[in-house]
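Database features (Swiss-Prot):
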TRANSMEM  11-31  transmembrane segment
TRANSMEM  53-73  transmembrane segment
TRANSMEM  93-113  transmembrane segment
TRANSMEM  127-147  transmembrane segment
TRANSMEM  160-180  transmembrane segment
TRANSMEM  188-208  transmembrane segment
TRANSMEM  243-263  transmembrane segment
TRANSMEM  276-296  transmembrane segment
TRANSMEM  314-334  transmembrane segment
TRANSMEM  350-370  transmembrane segment
TRANSMEM  387-407  transmembrane segment
TRANSMEM  418-438  transmembrane segment
Amino acid sequence: MQKYTSEARQLLALAIPVILAQVAQTAMGFVDTVMAGGYSATDMAAVAIGTSIWLPAILFGHGLLLALTPVIAQLNGSGRRERIAHQVRQGFWLAGFVSVLVMIVLWNAGYIIRSMHNIDPALADKAVGYLRALLWGAPGYLFFQVARNQCEGLAKTKPGMVMGFLGLLVNIPVNYIFIYGHFGMPELGGIGCGVATAAVYWVMFIAMLSYIKHARSMRDIRNEKGFGKPDSIVMKRLIQLGLPIALALFFEVTLFAVVALLVSPLGIVDVAGHQIALNFSSLMFVLPMSLAAAVTIRVGYRLGQGSTLDAQTAARTGLGVGICMAVVTAIFTVTLRKHIALLYNDNPEVVALAAQLMLLAAVYQISDSIQVIGSGILRGYKDTRSIFFITFTAYWVLGLPSGYILALTDLVVDRMGPAGFWMGFIIGLTSAAVLMMLRMRYLQRQPSAIILQRAAR
C-alpha cells in the first residue's frame with residue numbers, strides 16, 4: 001500500500017502544474033472571446049469560427065510532438081541523458097516541418113469558411129483575417145511544445161505552468177492594444193486577437209528556451225553542437241510514435257465538431273443546452289488529461305529504469321487516482337448541475353435541458369477519465385498505434401453512429417434530441433475505456449524483456 005501512496009504523491013506533484021498550465025491555456029481562449037465580444041458580436045463570432053478551424057490543425061501538430069515525452073522519460077530513467085539533446089533537436093525539426101503544413105492549411109481555410117451555409121460575408125472576412133494573423137503563431141506554439149515536452153519528459157512540469165500564466169498575463173494587454181488600436185497600432189477588432197495570440201506563443205517559446213538554457217538541472221543535456229541536420233531515422237521514429245496520437249486527437253476534436261453541427265438544426269434551446277453541458281464537461285476533463293500526462297512520464301521513467309513492476313504500479317496508481325477524481329467531479333456535477341447551468345444562461349428551458357444533459361455528463365466523466373489515463377499509460381509503454389485504433393473505433397464506429405440513431409431517428413427509441421448524442425458519447429467513451437484497459441493488461445502480461453525492448457526503441 002505504501003508504494004501506491006508514494007506513487008500517488010509523485011503523480012500529483014507532476015499533474016498539478018499541468019492542470020494549472022491547462023487552466024491558463026483555457027483562460028487565454030476565454031479572454032480572447034470576451035475581449036472580442038466587447039468590441040462587437042461579429043468579431044466574437046469570427047474568433048469562435050476561426051478557433052474551430054485552428055484547433056484541429058494545431059492539435060494535430062501538438063499530438064505528433066507528444067511522442068517526445070515518453071522518449072525523453074525513458075532515456076532519463078535509463079541514464080542515457082546524453083542522447084536527449086539529439087532527440088530534442090529532431091523534435092524542433094519536426095515542429096518546423098509540421099508548422100509549415102499547418103500554416104498552409106490555415107492560410108487556405110477561407111475556402112472552408114466562405115462555403116459555410118448562409119454565413120455573413122463580413123463575418124467570413126473577419127474569421128479569415130483572424131486565422132491569417134494567428135497562423136504566424138503556429139511555429140511558436142509547436143516549438144514551445146517541444147521545449148515543454150523536454151521539461152515534462154524530465155519530470156519538470158512547473159516550467160510549463162509558469163509559461164502558461166506568463167502567456168495569459170501578456171495576452172490581456174496585447175489583445176487590448178491590437179483590438180482597440182492603442183500605442184500607434186491599428187484597430188483590428190477580432191483580428192487583433194489573432195495577432196496577440198500569435199505574439200504570445202512566441203513569447204512563451206522564447207521564455208521556455210531561456211529557462212532550458214539556464215536551468216542547472218539540464219546542464220548536461222544542453223545543445224552544444226549547434227542545430228545540425230535532420231536525422232531521418234530519429235524523425236521517422238518520432239513520427240511513428242506521434243502520428244497515431246495526432247490522429248486520435250484530431251478525430252476526437254472533429255467528433256465534437258460534427259456533433260455540434262448535427263445539433264445545430266434542432267433549435268436554439270437544444271444548441272445552448274448542449275453547449276453548456278459540453279463546455280462544463282471539457283473544464284472537468286482538464287483533471288484526468290493532466291493526470292494522463294503525469295502517468296506517461298512515470299511509466300516511461302520506470303521502464304527506462306528497467307522495472308516493469310514499478311511501471312505497473314505507476315499505471316495502476318494513475319487509474320486509481322483518476323477514478324477517485326472522476327467520482328468527486330461526477331458528484332459535484334450531479335449535485336450542482338442547475339446552479340452551474342444558471343452561470344451560463346437564465347432561460348428556464350435552456351437550464352432544464354443543460355441540467356438533464358449534465359446527469360449524462362457525470363457518467364461520461366468516469367468513462368472519459370479511464371480512457372484518457374489509459375491512453376497516457378499506453379503512451380508511456382510507447383504503444384501508440386493501439387491508441388489510434390481504439391479511439392477511432394470507439395468514437396467514430398460506435399459512439400457517433402449510436403448517438404445519431406438515438407438522437408435523430410426512431411429506430412431504437414423515440415428521438416432523444418441532444419441527450420441521444422450524449423448517450424453516444426457515453427457508449428463511445430466507455431468502449432474506449434474498456435479497450436484501453438484490455439490493451440494495457442495485454443501489454444503488462446508480456447515478458448519483461450519484450451516490454452523493455454519496446455520501451456527502448
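Numbering starts at 1 and runs along the chain as it is shown here.
Glycine is no exception: its Cβ is also placed from the backbone N, Cα and C atoms.
Note that the coordinates shown come from a computational prediction; the quantities given were computed from them, not determined experimentally.
Non-local neighbours of the transmembrane segment (314-334) in the same chain are 4, 7-8, 11-12, 280-281, 284, 287-288, 291-292, 294-295, 298-299, 302, 340, 358-359, 361-363, 365-366, 368-370, 372-374, 376-377, 380, 440, 444; each lies 6+ residues outside the stretch with a CB under 8 Å from one of its CB atoms. Of the recorded ranges 93-113, 127-147, 243-263, 350-370, 387-407, the transmembrane segment (188-208) has the largest number of C-beta contacts under 8 angstroms with 127-147. Taking every listed stretch (53-73, 160-180, 350-370, 387-407, 418-438) in turn, the largest tally of C-beta pairs under 8 A with the transmembrane segment (127-147) is reached by 53-73. Same-chain neighbours of the transmembrane segment (11-31): 51, 152, 155, 157-158, 160-161, 163-165, 167-168, 171-172, 175, 197, 200, 283, 286-287, 289-291, 293-295, 297-298, 314, 317-318, 321, counting only residues six or more beyond its ends whose CB sits under 8 Å from a CB of the stretch. Sequence-distant neighbours of the transmembrane segment (276-296) (same chain, 6+ residues past either end, Cβ-Cβ under 8 Å): 11-12, 14-16, 18-19, 22-23, 26, 69-70, 73, 152, 157, 256, 260, 314-315, 318, 321-322, 325-326, 329, 333, 340-341, 344-345, 350, 354, 357-358, 360-361, 364-365, 368-369, 372-373, 375-377, 379-380, 422. Using a cut-off of 8 Å between Cβ atoms, the transmembrane segment (418-438) and the transmembrane segment (53-73) share fewer than three residue pairs, counting only pairs 6 or more apart in sequence. For the transmembrane segment (93-113), the partner stretch with the highest count of Cβ pairs under 8 angstroms, out of 53-73, 243-263, 350-370, 387-407, is 53-73. Outside the transmembrane segment (53-73) by six or more residues, the chain places 84, 87-88, 91, 94-95, 98-99, 101-102, 105-106, 109, 112-113, 131, 134, 138, 141-142, 145-146, 149-150, 152-155, 238-239, 241-243, 245-250, 253-254, 257, 293, 296-301, 304, 379-382, 384 with a CB less than 8 A from a CB of the stretch.
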